[in-house]
Amino acid sequence: MARNKIALIGSGMIGGTLAHLAGLKELGDIVLFDIADGVPQGKGLDIAQSSPVEGFNAKLTGSSDYAAIEGADVCIVTAGVPRKPGMSRDDLLGINLKVMEQVGAGIKKYAPNAFVICITNPLDAMVWALQKFSGLPANKVVGMAGVLDSSRFRLFLAEEFNVSVQDVTAFVLGGHGDTMVPLARYSTVGGIPLTDLVKMGWVTAERLEEIIQRTRDGGAEIVGLLKTGSAFYAPAASAIEMAESYLKDKKRVLPCAAHLTGQYGVKDMYVGVPTVIGAGGVERVIEIELNKDEEAAFQKSVGAVAGLCEACINIAPALK
């Protein structure tokens with residue numbers, strides 16, 4: 001049986017971490033791609049040289065030619081410029097939109113049957129543009145946001161309550177940015193909703209709101225600390241979880257930026273929602289009941305994403 005092929009488009013900090021994780025988990029053979037010739041080849045060689053020590057079987061190669069991604073089963077896209085301190089994800093729009101156009105053309109030509117996971121920011125607009133530029137079916141193109149945002153929320157909650165992260169589930173809806181909507185009543189510790197934990201005196205509503213705000217600012221907090229770049233370990237781990245669910249047909253329930261066709265009252269846009277990911281790509285979008293406040297917060301988030309998509313159309317009218 002042929003091994004799966006994983007193409008990593010963009011070989012920066014996230015790309016290199018993705019390659020290492022995909023190798024350790026033996027998800028398949030790995031191709032690192034980057035327009036900066038030498039970088040993907042060097043990182044591929046370095047990680048490959050760890051395989052005898054780590055004991056994993058995966059072929060790693062690097063290339064600056066899109067032909068190298070031919071026939072990939074999964075493409076994970078991190079190409080583009082990362083955030084610097086003081087930049088919002090949206091400041092990156094013009095630069096990274098042009099990158100998505102090139103990446104979309106490369107995937108369309110060489111890996112039209114791939115499951116594509118986009119990580120490039122501003123996420124919700126970039127994954128929307130990438131799907132249009134590539135022409136791939138919308139259920140085969142997703143954005144990595146919710147898994148990371150939920151993971152941050154889970155960590156902060158586990159630290160607050162001094163419990164294992166494994167026993168914390170968290171629910172985050174909406175765009176990947178300042179308007180994301182972490183939902184407390186759908187988030188649990190050992191199956192107990194956070195709203196009940198407030199009643200039980202484990203945490204005050206005010207403290208919970210602080211944790212929710214820290215989750216929203218999770219990426220910016222790391223950008224501020226690093227000063228020279230943005231997060232890469234947790235984003236890479238999050239994308240690998242999605243890729244693994246697709247490759248192994250796990251049917252994991254994972255929050256992703258998915259293409260909506262009327263769910264939550266949203267059409268032809270990518271927004272963070274709970275999905276089921278299996279061999280068919282996004283096999284299902286799970287539509288939950290929102291109360292009035294949650295609905296208002298979600299619609300505000302949708303509005304922010306819509307504004308970014310409009311800005312994309314102004315730059316590249318072909319996206320309309």
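For all residues, glycine too, the Cβ spot is worked out from N, Cα and C.
Per Swiss-Prot, active site, proton acceptor is recorded for His176, and the stated evidence type is sequence analysis. Residues annotated as NAD(+) binding site in Swiss-Prot, with sequence analysis given as evidence: Gly10, Ser11, Gly12, Met13, Ile14, Gly15, Asp34, Asn96, Ile119, Thr120, Asn121. Annotation source Swiss-Prot lists substrate binding site at Arg83, Arg89, Asn121, Arg152, citing sequence analysis.
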Please report the distance from the Cα of the residue listed as 'active site, proton acceptor' to the Cα of Asn121 (NAD(+) binding site), rounded to the nearest angstrom.
9
If one measures from the C-alpha of Ile14 (NAD(+) binding site) to the C-alpha of Arg83 (substrate binding site), what distance in angstrom results, rounded to a whole number?
13
Expressed to the nearest Å, what is the distance separating Gly12 (NAD(+) binding site) and Arg83 (substrate binding site) at their Cα atoms?
13
Return the residue, from the listed recorded positions Arg83, Arg152, His176, with the maximum count of other C-beta atoms within 10 angstroms of its C-beta.
His176
Please report how many Å separate the Cα atom of Asp34 (NAD(+) binding site) from that of Arg152 (substrate binding site), as a whole number.
28
When DSSP is mapped onto helix/strand/coil, what comes out for Gly10 (NAD(+) binding site)?
coil
When you look at Gly10, Ser11, Gly12, Met13, Ile14, Gly15, Asp34, Asn96, Ile119, Thr120, Asn121, which the record names as binding NAD(+), what is the longest CA to CA distance in angstrom?
17
Find the one among the binding-site residues Gly10, Ile119, Asn121 whose C-alpha lies closest to that of Arg83 (substrate binding site).
Asn121
Return one of helix, strand or coil for Asn121 (NAD(+) binding site), based on DSSP.
coil
Helix, strand or coil by DSSP: which one applies to Arg152 (substrate binding site)?
helix
Suppose we draw a 10 Å sphere around the Cβ of Ile14 (NAD(+) binding site). How many other Cβ atoms does it contain, all chains included?
28
Fewest other C-beta atoms within 10 angstroms, as judged across Gly10, Gly12, which are the binding-site residues:
Gly12
Using all protein chains in view, find how many other C-beta atoms are within 10 Å of the C-beta of Ile119 (NAD(+) binding site).
27
Taking the Cα atoms as reference points, how far is Gly10 (NAD(+) binding site) from Arg152 (substrate binding site) in Å?
24
